[in-house]
Amino acid sequence: MNEEIKSYTISLYTENNIGLLNRVSAIFQRRHINIESLTTSQSEIDDVFRFVIVVNITEAQAAKIVRQFEKQVEVIRAYYHTDEQTIYTESCMFKIKSALLFEEPQIQNIIKDSNSRIVTVNKEFFVLEKSGRRHEIESLRRDLNVFGIMQFVRAGRIAVTKDEMRVTDMLMAFNNHNN
Amino acid sequence: MNTQTENKTQEVASKTMRISGSEAVVRSLIAEGVDILYGYPGGAIMPVYDELFKFQDQIHHVLTRHEQGAAHAAQGYARISGKVGVAMATSGPGATNLVTGIADAQIDSTPLVCITGQVFSHLLGSDAFQETDIVGISTPVTKWNCQVTKAADIPKALAKAFYIAKSGRPGPVLVDITKDAQVGELDFEYEPCKGVRSYIPVPKTNPADVQAAADLINAAKKPMIVWGQGVILGKAEEELKAVIEKAGIPSAWTILGASAIPTSHPLNIGMVGMHGNYAPNKLTNECDVLIAIGMRFDDRVTGKLDSYAKQAKVIHFDIDPAEVDKNVKTDVAVIGDSKDSLAQLLPLLEAKSHEAWLQEFKDLYAIEFEKVIKHDIHPVKEGLTMGEVLRQINEETKGQAAIVSDVGQHQMIACRYADFKVTKSNITSGGLGTMGFALPAAIGAKMGAPDREVVAIIGDGGYQMNIQELGTIFQTKVPVKIVVLNNEFLGMVRQWQQLFFDKRYASTEMTNPDFVTIAKGYHIDAKRVSKREELADAVKEMIASENSYFLEVCVEKEDNVFPMVPTGASVSDVRLS
């Protein structure tokens, strides 16, 4: 198996339980793997949660770690995918002084060119939101940094996979077996 | 009211009753068939103890002298009986004292349900007296855990706990119950858990994988089996024996696999690993097909991975998919229950014998016997050896005893030289290597199998790690036999210091108390021997005793355990001296 370290997106379908995040992060921590980003949300199935975790590891590590996740009682299924196998995006927010909008007219061009969106404006500040790839967000941050950013925050990667997940089939099979 | 409705109301009334959460804990345990548990009371678990008092005719609580003792006793009980061991403790230090036993049960796949009391839910997170985040602390070392804050959730949580602990690859679970959940009321009805949708305890064996395994085995010229505890946990001893005998495969065991097949079986070629036998270690690197069954290629088994069985095709039978390719790359993985997959394998195997190949094991055994074994079990030098004590115990118990060993040199000697005739006879802390395991585990083992002779074999170091459990033995009068092999050293560490640290014996020499006097203080019959001519009679007297008995054997101070695969070396570089 390829020993090259690259970015893998690990997707977990889980029950919604207190403490599961601790269990998930302990699996990385124990193997000295740094989590690049972690997002949890509702999945396409009503009472099933989804973790999207990005880590830089080898494929051998990814395969092993996914089996460790599947071993956890409250993890329904776990997968790993390369960037090429997923459609992914990140989003971020900037809080910037409102006065700059008038003092530095280039800012308006930057906003327009970057496809970002103004969420709110008031006398003191405005808030800009942008979704996209990391390099687009980084480039926007560099551009705005010149003028001063009051606050910046970037959310973890969210990703859907190109291939099917089949978690619903699995849950149906369980229900049929137990009814 | 018509008759039908009336009947229905009566039925519901008989099934459900309004009781306290703590009574629900005890009734749930009884519903799970628990008749014994180990624990230690304290503030946050007192309501449950109050109920245990009321139900003492149905469920027996053993008061250990430390919560770690409770956890290990529950492990000993589980390991010998195949049932779930139960340990109970209060919040805070009571709960944290269980953790070593839980970690031990996790790495050795022992089914354990631990119940801890917790502070009132309104106090959670307030640094209340004896509050600790035991769910957080135990997460990495439990198969599953949860916190219950409502009385009504208790039966379901415990039902799930028992189901998870014993199903699939077993393991420890912990249920933390707040005090308000214990004193609150609920309509009690107990339904055993039949499944958890996110959890597949026993993956289905794929017949194509079994066929692929059979094809490799049938074509093999030098096949070798290494089996582990998965055979015992899967109750697959008979199936394994049938496979070994039909295919004529020399078969070795890991430390936790010991006793699944009798030591004297002609195809049993001994133990693999750091202090395993010479032949199976050496020939691991000469076999053409290595068949691993219910074992996990621990580093103590494989030595240096880069040079472990590289020439062989590897077949791995395991219930846990996470074990496949974890340490050793397999050519064929057969996932599933060992009993089932071995039963599927048997008819596909060609009847064979590999006489010349088996002879290679016998030849290497002869070398090991000349250089090591003879001197261990039939010594001519003055000092007593641990090996001759084991030989004596074998003779007196006729191989029927369950040997509970601690961790260190005596453990390796016990596993190497015990003459196992019955399965589930080797109870030891394999994965975690927990010193202090044996004394409490022996208590649990004897209670889990009262008809069996249980002999604890312990070093002078590990004995003192849980020596307080002599109090439990005294109070319960459980007739365990305790053998302390006293070399006045932390022997295994000293051995490493001798071999790899130029004999700098840093903090390994022990000035010990008078162990016989201590045992007598607990009113346990006790004897010390330091001469060869006293040994046979002392062991005879101990085994003949119907009570608990303590025997201290003063052995040679600086004996070493060989063979040895030094850390980082290949299994084929196993040393005999």
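Sequential numbering from 1, following the chain as shown.
The backbone N, Cα and C atoms fix where each Cβ goes, and this holds for glycine too.
According to TrEMBL, the feature domain 'Thiamine pyrophosphate enzyme N-terminal TPP-binding' maps to B:20-135. The domain 'Thiamine pyrophosphate enzyme central' annotation in TrEMBL covers B:210-345. As annotated by TrEMBL, domain 'Thiamine pyrophosphate enzyme TPP-binding' applies to B:406-553.
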Message: What does the DSSP secondary structure composition of the domain 'Thiamine pyrophosphate enzyme TPP-binding' (B:406-553) look like, as residue counts for helix, strand and coil?
response: 64 helix, 27 strand, 57 coil
- line: The DSSP breakdown of the domain 'Thiamine pyrophosphate enzyme central' (B:210-345) into helix, strand and coil residues is 54 helix, 28 strand, 54 coil
Query: In the domain 'Thiamine pyrophosphate enzyme N-terminal TPP-binding' (B:20-135), how many residues does DSSP assign to helix, to strand and to coil?
result: 58 helix, 21 strand, 37 coil
Query: What average pLDDT does the predicted model assign to the domain 'Thiamine pyrophosphate enzyme central' (B:210-345)?
result: 98
